[in-house]
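*Asks:* Checked TrEMBL, it gives:
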TRANSMEM  40-58  transmembrane segment
BINDING   46, 53, 292, 389, 392, 393  Na(+) binding site
TRANSMEM  70-91  transmembrane segment
TRANSMEM  112-140  transmembrane segment
TRANSMEM  209-230  transmembrane segment
TRANSMEM  242-269  transmembrane segment
TRANSMEM  281-306  transmembrane segment
TRANSMEM  318-342  transmembrane segment
TRANSMEM  377-406  transmembrane segment
TRANSMEM  418-443  transmembrane segment
TRANSMEM  449-470  transmembrane segment
TRANSMEM  491-513  transmembrane segment
TRANSMEM  533-553  transmembrane segment
REGION    598-619  region 'Disordered'
COMPBIAS  604-619  compositional bias 'Polar residues'
């Protein structure tokens, strides 16, 4: 019996893996990939084509030269937008990592990934408030008569404009002829009913229950659509990315049949050639392109990282950027044809009824819809279109942070559902103050500070990092590994090495020099509010110098070691800079089967072994492996 028991124990010992093997080979969740290439393309379209194409570009075009604005817009698209779009897609697909973990081609600049991720995080907080407003108006549109179509409500004042037989007068029964500051009914509906607007940021108040519920529903919709990552959001975009085109086309067909539409379209397209000489017009074009394409925010890196290593993303890049540019111009016809009709009915000039941003979506356009035949029907599909446009962009912004956490802390991948739910809950509570009566002032503050200066700073550093620190030729070789060729090399050389860095740094410093503190209507922000805005700018950019200093200190210790090879009697500070500027040991394709050519030597020794050598002071093998890779680069 004893011999039989001993044999069983021996067999069990052989058949079971040792404890050491279990520790040395932890099982990690594999990273997702797109089920179909079409899901990737539609997700890119949904990410790039958002609210800015519909409510921002048309207003910006007529304000900055009409049809002439197309010239600076296309120039910025070619010199900054499309090159940065392709650069970020290349980086994401090559590393199979989100923005937070992708910038490892230089140790000093690993913080750039988190800087772009924080840009997305800040935008994600206030962007969902817009979706909450869209939900509020969407539900309010299911009425026979739109609530903002008349003035007989408790939220209206004596300054409200009334329309009767193309005559405009004020809702003041005592003195209708002396109205010094007329207001449209939808403006009072938005301010006094939806927002319950207070007079200042100091009087912020408590969150409105109706807006809070809409915000909660907005985050529930986002959470449900991204709960399984691209496996769920990739299916949703089949509808959310294509439906807006159906609505825009329907609005154009309806708009051009209305009286006054021709005048509105003419006003939209009429060129003012003197405008393109103004520097502010080019700044406006750059702001529109970067925000519309979502470059330097991180979503493009994240979506491309789920691609197969050899996917033809160049074709997707050209197609999506062309769609984004076309949609911006195309949507202007839907907007200005109906604004022209509104001008015809009210007798007011188009420049007085046209607004941009939330003013267009929640004031000017609802006013036009309220006086159209079948207004409630068109209001329902218009706000549902805005809802789908906003959700697509919000999927992308949320994915930046979630994938960044999962790529940085790989042990969290098995708890992805918990991470997603936690992210949505945190963002909901952070955005809750914007639902208060003074929340519109927080919204404007975040919109002005969180997505402008820091984005151009990140874009400039991306160009410099790829073109000069890592090296244009090295990056093109990485692209050859994926595509089998170095496509459009002269174009990328000119835009990545010359035009891109020059234009982004000029725009950044000119924006800083010409910066004016934002205002919300007639309200001027106090000093503490502007200080809070600058903290939002610094909250993303601070990652770049902080991690750079950390890596330089670490490089100083390593290069000062007796094991570190001294080449040509190079001074210590230069050795430190060279080491810190070189790629991290984890740089390269994520999958072993894609590591070939100059990355092949890195597969001979695992990353964990390299880190273990450094940790325990065994620098010889680590330096040998590290320097072999650096010499190949």
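Glycine is treated like the rest: Cβ placed from N, Cα and C.
These numbers come from a predicted model, not from an experiment.
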*Asks:* Tally Cβ pairs under 8 Å between the transmembrane segment (491-513) and each listed stretch (209-230, 377-406, 449-470), then give the stretch with the top tally.
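*Replies:* The stretch with the most contacts is 449-470.
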*Asks:* Give me the stretch from 40-58, 70-91, 209-230, 449-470 with the greatest number of Cβ pairs under 8 Å to the transmembrane segment (418-443).
*Replies:* 209-230
*Asks:* Checking distant contacts: for the transmembrane segment (209-230), what same-chain residues at least six beyond its ends satisfy Cβ-Cβ under 8 A?
*Replies:* 32, 34, 39, 43, 128-129, 131-133, 135-136, 194-195, 236, 303, 306, 391, 394-395, 398-399, 402-403, 416-417, 420-421, 424-425, 427-428, 431-432, 435
*Asks:* Under 8 angstroms for C-beta pairs, at least 3 of them, ignoring pairs fewer than 6 apart in sequence. Is the transmembrane segment (242-269) in contact with the transmembrane segment (377-406) by that rule?
*Replies:* yes
*Asks:* What number of additional C-beta atoms lies within 10 angstroms of the C-beta atom of residue 46 (Na(+) binding site)?
*Replies:* 29
*Asks:* Does the transmembrane segment (281-306) come close to the transmembrane segment (70-91), meaning at least 3 CB pairs under 8 Å for residues 6 or more apart?
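*Replies:* They do touch: at least three Cβ pairs between the two stretches lie under 8 Å.
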*Asks:* Of the listed stretches (281-306, 377-406, 533-553), which one yields the highest count of Cβ-Cβ distances below 8 Å with the transmembrane segment (40-58)?
*Replies:* 377-406
*Asks:* Looking at the stretches 112-140, 281-306, 318-342, 449-470, 533-553, which one shares the most CB pairs under 8 Å with the transmembrane segment (377-406)?
*Replies:* 112-140
*Asks:* Name the range, of those listed as 112-140, 318-342, 533-553, that has the largest tally of Cβ pairs under 8 Å with the transmembrane segment (281-306).
*Replies:* 112-140
*Asks:* Sort out the sequence-distant neighbours of residue 392 (Na(+) binding site) for me: same chain, 6+ apart, CB within less than 8 Å of its CB, listed by position.
*Replies:* 43, 45, 46, 47, 49, 50, 237, 240, 241
*Asks:* Cβ under 8 Å to the transmembrane segment (449-470), counting only same-chain residues 6 or more beyond its ends: which ones?
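*Replies:* Cβ under 8 Å, 6 or more out: 80, 84, 87-88, 91, 103, 105-106, 108-109, 112, 115-116, 119, 122-123, 126, 286-287, 290-291, 295-297, 496-497, 500-501, 504-505, 507-508, 511-512, 515, 518, 533-534, 536-537, 540-541, 544, 581, 583.
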*Asks:* Excluding the flanking five residues on each side, which residues at least 6 beyond the ends of the transmembrane segment (318-342) place their CB within less than 8 Å of a CB in that stretch?
*Replies:* 41, 44-45, 48-49, 53-55, 57-59, 61-62, 70, 73-74, 77, 81-82, 85, 245, 248, 251-252, 254-256, 258-265, 267-268, 288, 292-293, 348, 350, 353-354, 360, 364-365, 367-369, 371-372
*Asks:* Going along the chain, which residues at least six beyond the ends of the transmembrane segment (112-140) come within the CB cut-off of under 8 Å?
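*Replies:* Contacts with the transmembrane segment (112-140): 51, 98-103, 146-147, 194, 210-211, 214-215, 217-219, 221-222, 296-299, 301, 358, 361-362, 366, 379-380, 383-384, 386-387, 390-391, 393-394, 396-398, 400-401, 404, 427, 430-431, 434-435, 439, 442-443, 446-447, 450-451, 454-455, 458, 461-462, 465, 536, 539-541, 543-544, 547.
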*Asks:* Other than 46, 53, 292, 389, 392, 393 themselves, what residues in this chain have Cβ atoms within 8 Å of the centroid of the Na(+) site's Cβ atoms?
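*Replies:* Apart from 46, 53, 292, 389, 392, 393, the close residues are 45, 47, 48, 49, 50, 51, 52, 244, 390.
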*Asks:* Taking the Cβ of residue 393 (Na(+) binding site) as centre, how many other Cβ atoms lie within 10 Å?
*Replies:* 27
